[in-house]
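Visitor: So Swiss-Prot lists these for the protein:
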| type | residues | note |
| --- | --- | --- |
| TRANSMEM | 30-50 | transmembrane segment |
| TRANSMEM | 81-101 | transmembrane segment |
| TRANSMEM | 117-137 | transmembrane segment |
| TRANSMEM | 146-166 | transmembrane segment |
| TRANSMEM | 175-195 | transmembrane segment |
| TRANSMEM | 199-219 | transmembrane segment |
| TRANSMEM | 220-240 | transmembrane segment |
| TRANSMEM | 315-335 | transmembrane segment |
| TRANSMEM | 350-370 | transmembrane segment |
| TRANSMEM | 383-403 | transmembrane segment |
| TRANSMEM | 415-435 | transmembrane segment |
Amino acid sequence: MTKRKKRAAINLTRLPIEYIDWLSRPIYRFIHIESAAGIVLFISTLLAVLLANSHLSEEFARFWQISLGMTVGDLVFERSLHKWVNDAGMTLFFFLIALELKRELVLGELRNPQLALLSIAAALGGMSTPPLFYLLLQYGESGQHGWGTVMATDTAFVIGCLALLGRSIPSSLRIFMLSMAVVDDIGAIFVVAIGYGEAVDWLVLSYALLGFMLVRAMAFLGVRSLVLFSIVGGAIWLVIDMSGVHPTITGVILGLLTPTNKWMSRQHLFIIMEALVPSSPSQQWSGDKREGEILKTAAAAARETLSPVERLEMLLHPWVGFVVLPLFALANAGVSLTSVNLTSPITLAVFVGFVFGKPIGIVLFSWIAVWLGIAKLPENLNWGMVFGGGMLAGIGFTMALFISELAYNPDQINAAKLGIFIASITSALIGFLCLRYFAAREKQKRT
């Protein structure tokens with residue numbers, strides 16, 4: 001076969017390329033860079049701080065207070081743009097986090113019980129120890145109720161830092177960090193739903209439980225339509241919101257209920273494709289109705305070789321990483337530097353909780369789990385890298401800002417945000433340097 005024929009055969013396996021594809025391809029490539037979402041999130045944060053301290057600060061604050069909603073009969077669903085981003089947008093974020101955890105537990109590395117228990121133990125340490133450090137400084141004080149702020153880890157920024165380290169760190173560390181951060185975030189959102197919600201209407205909440213049972217029944221019966229699941233999920237979100245429980249918990253529960261089974265195996269797909277596609281390139285589709293139905297069957301078969309969890313992850317990753325989280329940063333990260341007080345007890349408590357509580361809790365609980373024999377360190381991972389990972393987990397940013405909006409009074413939020421910023425920057429720098437150092441030492445030992 002000549003080179004020209006080979007090239008033609010290869011091109012036949014690709015989709016046609018239009019001018020718009022040449023323009024959009026660089027954007028598409030950027031979106032799929034692992035650290036890209038972290039970069040966009042950082043730029044959004046910087047922009048929010050700049051706008052909050054510019055002559056446009058009042059207009060910027062008023063923009064997020066624009067009221068949006070709808071009325072259905074006697075029911076009124078209305079809230080500020082800021083609240084829509086925090087409540088509805090972050091529900092999508094937590095839904096994606098729960099999908100990632102479900103996939104890892106059923107299809108990924110966390111199928112190994114000892115590796116899963118190490119991540120769970122580390123997450124428990126990362127959730128429980130920082131609030132203790134925080135309360136050591138704030139118990140009985142005005143900021144006591146903000147203990148939940150220091151519980152969670154910003155998964156997007158952690159992914160960005162790990163991507164910057166590249167191949168200098170082992171893949172086992174990446175898996176450990178991401179699974180720990182996901183478990184950490186899910187634990188934190190349960191605390192938010194219970195600890196920072198309003199008075200609970202248990203009757204209304206029972207309707208939400210019926211909704212979750214309906215979702216489970218739909219999955220059991222083999223319903224595959226993501227549109228139907230989205231409609232039911234949206235209804236559950238509204239019911240939970242009316243019950244007094246924070247509605248973002250909807251995302252976590254729905255994510256964990258999402259099926260991981262594939263309707264169509266790849267072998268089955270190949271058999272269908274061989275039967276449907278003309279055997280010779282010279283054969284032409286006539287374009288009649290029957291052949292149109294055949295093509296629809298082939299498209300459905302190709303789509304269903306991915307589980308609902310995988311399909312939803314692929315669909316939501318760009319939207320969450322490049323729309324939801326940047327909007328959240330713009331809505332919440334604006335700190336007025338004119339009113340900053342570096343000596344605020346709340347700022348100090350948040351800083352200590354993240355920078356000291358996170359690494360100590362993660363290392364301590366991980367060590368206890370390994371010592372008890374219920375977990376083991378993955379290959380190529382040492383305790384120095386676990387400590388460095390614990391420092392990176394002190395980047396609380398997105399999650400911490402989210403919880404701080406619920407936990408503090410308006411006159412305390414600026415102090416909490418400042419503590420979050422300083423702690424996140426400190427944790428990122430120390431964690432990055434520690435991981436580079438300990439990863440290099442581990443490589444030297446093995447050579």
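Glycine is treated like the rest: Cβ placed from N, Cα and C.
I'd like to know what surrounds each of these features in this structure.
Guide: Sequence-distant contacts of the transmembrane segment (117-137) (same chain, at least 6 residues past either end, Cβ-Cβ under 8 Å): 110, 144, 146-153, 176, 179-181, 183-184, 187-188, 191, 345, 348-350, 352-354, 356-358, 360-366, 368-370, 374-378, 386, 390, 393.
Here the transmembrane segment (350-370) has Cβ contacts under 8 Å with residues 117-118, 121-122, 124-134, 136-137, 146, 149-150, 153, 180, 376-377, 383, 386-387, 389-391, 393-396, 400, 416, 419-420, 422-424, 426-427, 430 of the same chain, all six or more residues outside its ends.
Residues of the same chain lying 6 or more positions beyond the ends of the transmembrane segment (383-403) and with a Cβ under 8 Å from any Cβ of it are 41, 45, 86, 90, 93, 122, 126, 146, 148-154, 156-158, 161-162, 169-170, 173, 176-177, 180-181, 184-185, 188, 192, 196, 325, 328-329, 332-333, 350, 354-355, 358-363, 366-367, 377, 417, 420-421, 423-424, 426-428, 430-435, 437-439, 441-442.
Through the fold, the transmembrane segment (415-435) approaches residues 143, 146, 149, 154, 157, 161, 164-165, 168-169, 173, 332-333, 335, 340-342, 344, 346-351, 353-355, 358, 384-385, 387-397, 400-401, 404, 407-408 of its own chain, all at least 6 residues removed from its boundaries and within a Cβ separation under 8 Å.
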Visitor: If contact means at least 3 Cβ pairs within less than 8 Å, sequence distance 6 or more, would you call the transmembrane segment (81-101) and the transmembrane segment (199-219) in contact?
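Guide: No; fewer than 3 Cβ pairs under 8 Å.
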Visitor: With Cβ-Cβ distances below 8 Å as the criterion, list the same-chain residues six or more beyond the ends of the transmembrane segment (146-166) that contact it, or say none.
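Guide: Non-local partners: 33-35, 37-39, 41-42, 97, 126-127, 130-131, 133-135, 138, 173-174, 177-178, 180-182, 184-185, 187-189, 191-192, 195-196, 321, 325, 346, 349-350, 353-354, 357-358, 392-400, 403-404, 406-408, 412, 416, 420, 424, 428, 431-432, 435-436, 439.
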Visitor: What parts of the chain pack near the transmembrane segment (315-335), using Cβ distances under 8 Å and only residues at least 6 beyond its ends?
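Guide: For the transmembrane segment (315-335), the far contacts come to 31, 36-37, 40-41, 43-45, 47-49, 51-52, 57, 60-61, 64, 81-82, 85-86, 89-90, 92-93, 95-96, 99, 156, 226, 398, 401-402, 405, 414, 417-418, 421.
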